[in-house]
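Worksheet for the structure shown next.
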Amino acid sequence: MKTIHVHGAPSEYILQKGALDLLESKLIERNHKKVLVVRGVKSWEAAKAYWPTMEQIEYDEYIYGGECSFEEIEKVSKLVLSQEYEAIIGVGGGKVLDLVKATGNETHKPIILIPTLASNCAPWTPLSVLYDDAGSFIRYDIYPVSASLVLIEPEILVMAPVDLFVAGIGDTLAKWYEADIQLRAIANKTVPMMIAHYTAEQCKVILVQSAVEAVRAVRNGEVNEEFIKVVETIIMYSGMVGGFGDHFGRVTGAHAIHNGLTMLEETHHALHGSKVAYGILVQLVLENRWNEIQRLVPFYQQLGLPLSLSELGIDGITDEMVNEVAEKATIPEESIHLMSIGEITSTRVRDAILALEKYYKELKI
Ligand SMILES: NC(=O)c1ccc[n+]([C@@H]2O[C@H](COP(=O)([O-])OP(=O)(O)OC[C@H]3O[C@@H](n4cnc5c(N)ncnc54)[C@H](O)[C@@H]3O)[C@@H](O)[C@H]2O)c1
Ligand SMILES: [Zn+2]
């Protein structure tokens with residue numbers, strides 16, 4: 001019998017105009033009278049106009065140092081315990097929310113998450129991605145307790161930078177391609193695997209249908225229906241894929257290509273989700289699914305997602321650079337080896353990157 005292991009959702013999740021006005025009553029409901037608010041600088045710029053006046057709640061603010069690191073988790077945890085805060089509220093992007101989740105786990109205090117970016121599923125998942133203070137990835141930790149409450153004000157998200165939103169779309173699109181290649185190879189799927197497969201597909205379906213209009217909403221700074229659908233897809237559907245699919249719903253090819261690309265200095269300015277979006281195409285070449293690439297091309301072009309190394313900002317591509325990416329993407333511990341299409345060597349990846357470059361050049365003629 002297959003083991004069934006599911007990670008759940010936040011206890012309560014509210015997305016509505018004016019969501020932050022509910023904060024005080026939601027804290028009172030939970031009997032939290034003294035809380036710590038952890039936030040970033042830019043995220044506070046975005047959220048402060050929506051911050052409610054609270055008469056019955058005592059709160060202090062902590063501005064995070066820019067990373068979800070062990071040092072930062074320890075610092076915030078000590079503060080929470082010494083000042084006897086009853087709950088921790090995170091206001092920010094993925095890093096602030098991950099820091100608050102880690103601190104909640106460390107101190108056994110409930111957490112409330114208020115995302116200021118629609119960039120990934122961090123508001124949904126009971127996990128944090130950990131880095132050192134210099135920003136290098138260490139590992140991710142999964143926690144036994146999820147957020148007590150997620151409050152989402154769509155007007156904050158629609159005013160955020162469009163490139164971060166587009167990158168979030170790229171990262172979420174990968175959920176389908178990376179989960180599907182694992183899950184379609186499993187004959188007798190468990191129910192959670194079926195849910196993961198379905199939710200991963202919805203990530204692609206909704207993005208393809210609604211992302212262009214949603215990006216328009218961000219450009220105009222005005223919420224529309226498609227924007228809400230895409231936000232829910234980035235945060236909720238995408239979070240459910242990993243929650244139900246466990247490792248079958250997590251990364252495979254596209255993220256391994258992303259990791260390979262980080263070897264090139266020239267890609268460091270590019271956002272995570274843009275590199276992952278490019279990685280989807282390389283994964284599809286490896287799968288020999290050129291028709292699917294052809295279907296994605298107009299979508300990528302409309303959103304400004306990269307179709308080639310040059311569109312990622314790498315000029316003067318050399319064989320050496322491509323080899324470096326391919327080597328790193330195929331190191332033994334990489335998720336690319338979870339793809340069910342035979343052995344993936346660095347030569348195969350190099351050939352796939354070069355084939356995509358050739359396809360792109362022909363497309364441009
Ligand atoms: N826990 C999970 O399930 C999960 C999933 C995917 C990614 N992650 C992690 O999330 C992090 C990435 O998250 P992110 O993309 O939100 O980045 P981020 O949290 O680093 O934020 C990106 C930048 O945007 C700024 N910012 C935040 N809100 C803003 C706003 N409204 N307007 C303008 N600027 C704003 C931040 O100050 C920061 O400089 C990474 O650490 C990644 O590993 C976690
Ligand atoms: Zn990602």
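Using the three backbone atoms N, Cα and C, a Cβ is placed for every residue, glycine included.
Nobody curates TrEMBL annotations by hand; they come from automatic prediction.
Annotation source TrEMBL lists NAD(+) binding site at Gly94, Lys95, Val96, Leu97, Asp98, Thr116, Leu117, Ala118, Ser119, Thr125, Leu127, Tyr131. Long-range Cβ proximity for Leu117 (NAD(+) binding site), meaning a same-chain Cβ under 8 A and a gap of 6 or more residues, is found for Ser43, Gly92, Gly93, Gly94, Leu157, Ala160, Leu164, Phe165, Gly168.
Under the heading glycerol binding site, TrEMBL lists Asp171, His255, His272. Taking Cβ-Cβ distances under 8 Å and a sequence separation of 6 or more, the neighbours of His255 (glycerol binding site) in its chain are Ala174, Glu178, Val276, Gly279, Ser335.
Per TrEMBL, domain 'Alcohol dehydrogenase iron-type/glycerol dehydrogenase GldA' is recorded for 10-153.
Cβ packing within 10 Å was compared across the binding-site residues Val96, Leu127, and the lowest neighbour count falls to Leu127. Proximity of the binding-site residues Asp98, Ser119, Leu127, Asp171, His255 to ligand 1, judged by a Cβ distance under 6 angstroms to any of its atoms, singles out Asp98, Ser119, Leu127 in sequence order.
Summarised as a single figure, the pLDDT of the domain 'Alcohol dehydrogenase iron-type/glycerol dehydrogenase GldA' (10-153) averages 96. Each of Asn120, Gly170, Ala174, Val251, Ala254, His258, Gly273, Lys275, Val276, Gly279 belongs to the same chain as Asp171, His255, His272, is absent from that list, and has a C-beta within 8 angstroms of the C-beta centroid marking the glycerol site. Spacing of Leu127 (NAD(+) binding site) relative to Asp171 (glycerol binding site) is 17 Å (Cα to Cα, whole number). Neighbour count (other Cβ atoms within 10 Å of the Cβ, all protein chains): 27 for Asp171 (glycerol binding site).
Within the same chain, residues at least six positions away from Asp98 (NAD(+) binding site) with a Cβ under 8 Å of its Cβ are Cys68, Ala122, Leu127, Ser128, Val129, Leu130.
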